[in-house]
Amino acid sequence: MKFKQDFFTQLPEFYSQVYPQGISNPHWLAWSDDAAALIGLHQPTDELLQGLSGNAAVEGASYYAQVYSGHQFGGYTPRLGDGRSIILGEAIGPNGAWDVALKGGGPTPYSRHGDGRAVMRSAVREFLVSEALHHLGVPTTRALAVIGSDMPVWRESQETAAITVRLARSHIRFGHFEFFSHSERGQADKLTQLLNFTLKQHYPHLSCDPAGYKAWFLQVVQDSAKMIAHWQAIGFAHGVMNTDNMSILGDSFDFGPFAFLDTFQEDFICNHSDPDGRYAFGQQPGIGLWNLQRLAQALTPVIASDDLIAALNQYQHALVQHYLALMRAKLGLVQQADSSAEQDQQDLELIGRFTVLMEKNQLDYSHTWRRFGQLDPSSLHSSLRDDFIDLNEFDAWYQVYQARLGKVTDVEAWQQQCNRVNPKYILRNYLAQEAIIAVDEGNLAQLQRLHQVLRQPFTEQIEHEELAKRPPDWGQGLIMSCSS
């Protein structure tokens, strides 16, 4: 790997230098060829294993943990920071630079009495979801590898330590701006310094002046709306949408107790530590705006309030337009470039009625959408109909849907188009759990197989048909904890 060290050299007050503490008996548990190509790597090597496990120095790496704050479950925490993630620097790839971070690399000044370690189960989950989301077309950070060990760590019980090697276009979070805005640290010069760095690194077309800042914040609003629209369309619940888990670039970030929907449930809670459902699936769009409002509040020393408010007022429109585009594609609808506000509202109602029907009939979210690839839209009797209990309600919906769809001249091409946007394979929690159990028993085959299948989520893979099945009773709607 070849590194540049722009964050390290230009923002010395935004991190602490800290070196990883190695893990015993490191070994590869997972590796992503796709992610490796982003930074010019090919095959995993012993030298790379020693470096990324913290047991040897990586040439050109600087090693640091970033400091930030954030709103966690609605309450402000003035000092957070990377408690178990150590960044090596920005690795230069063929199409840009990516931060390389060792998640679970050992304690840092921000560990808050924690051990700085990650356990194998959380490392495997983060690896799988990072790569799964990418191949589903969702903006996300990436995962290069998981490195296992025989080092014991204690959570609810004894587990083994592991490291996820994360790649990110940037690790700058909403919480970075909050840290230097609130309390005694509130200094406009630090905010301006961070903002200018962000623009030069990631928005070089924008100028470092009030006009550029205004345009930048609007872009953050739009990118965040796009990310959350993808989550809602694909049926993904993040679980911990704290402001310190929000990427400034609109990439899905910092995965913990996430879940993809099994049975559709608007108020589904995937996080055992969220009994009130603040971050429930259906709450994510509203929380996205709330988090952006907190970012705007932190930016008031450097961006005019009127400009911040004007950008925030664009959030709902951006979210709806991205969501409509994704859901129209799932329904096989043709989207006119100049669709009217009236048509948008009618389509939102059509989509909303269908998801309500799914919830009332307790249907599997991904399976139901995938069925559109088998549908003959010209038929008066939908093959979907048999999945529903309330047939009158479904028939009424289907009649409106057919009218909106219009005549389909090439049914096979239409079905193929539906299959290109409605995945056959998703990372259900029970599949991840089965892979984790197998890894714990020393068997990597199940993890490797699941990873490979999730690289082609829209493609029929007959030999892996069982990975597309609905979850067994024990795996339905699994709720995970934040323990990692």
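Quick reminder: no glycine exception, Cβ is built from N, Cα and C everywhere.
The active site, proton acceptor annotation in Swiss-Prot covers Asp244. Asp244 (active site, proton acceptor) has a Cβ environment of 23 other Cβ atoms inside 10 Å.
Neighbour list (Asp254 (ATP binding site), Cβ cut-off 8 Å, at least 6 residues apart, same chain): Val240, Asp244, Asn245. What Swiss-Prot records for Gly81, Gly83, Arg84, Lys103, Asp115, Gly116, Arg166, Arg173, Asp254 is ATP binding site, and it gives sequence analysis as the kind of evidence.
Residues or ranges marked as Mg(2+) binding site in Swiss-Prot (evidence: sequence analysis): Asn245, Asp254.
For Asp115 (ATP binding site), the same-chain residues 6+ apart in sequence whose C-beta sits under 8 angstroms from its C-beta are Arg84, Pro107, Val153. The binding-site residues considered are Arg84, Arg166; of these, Arg84 has the fewest other C-beta atoms within 10 angstroms of its C-beta. Residues Gly81, Gly83, Arg84, Lys103, Asp115, Gly116, Arg166, Arg173, Asp254 are listed as the ATP binders, and the farthest two of them sit 23 Å apart at their Cα atoms.
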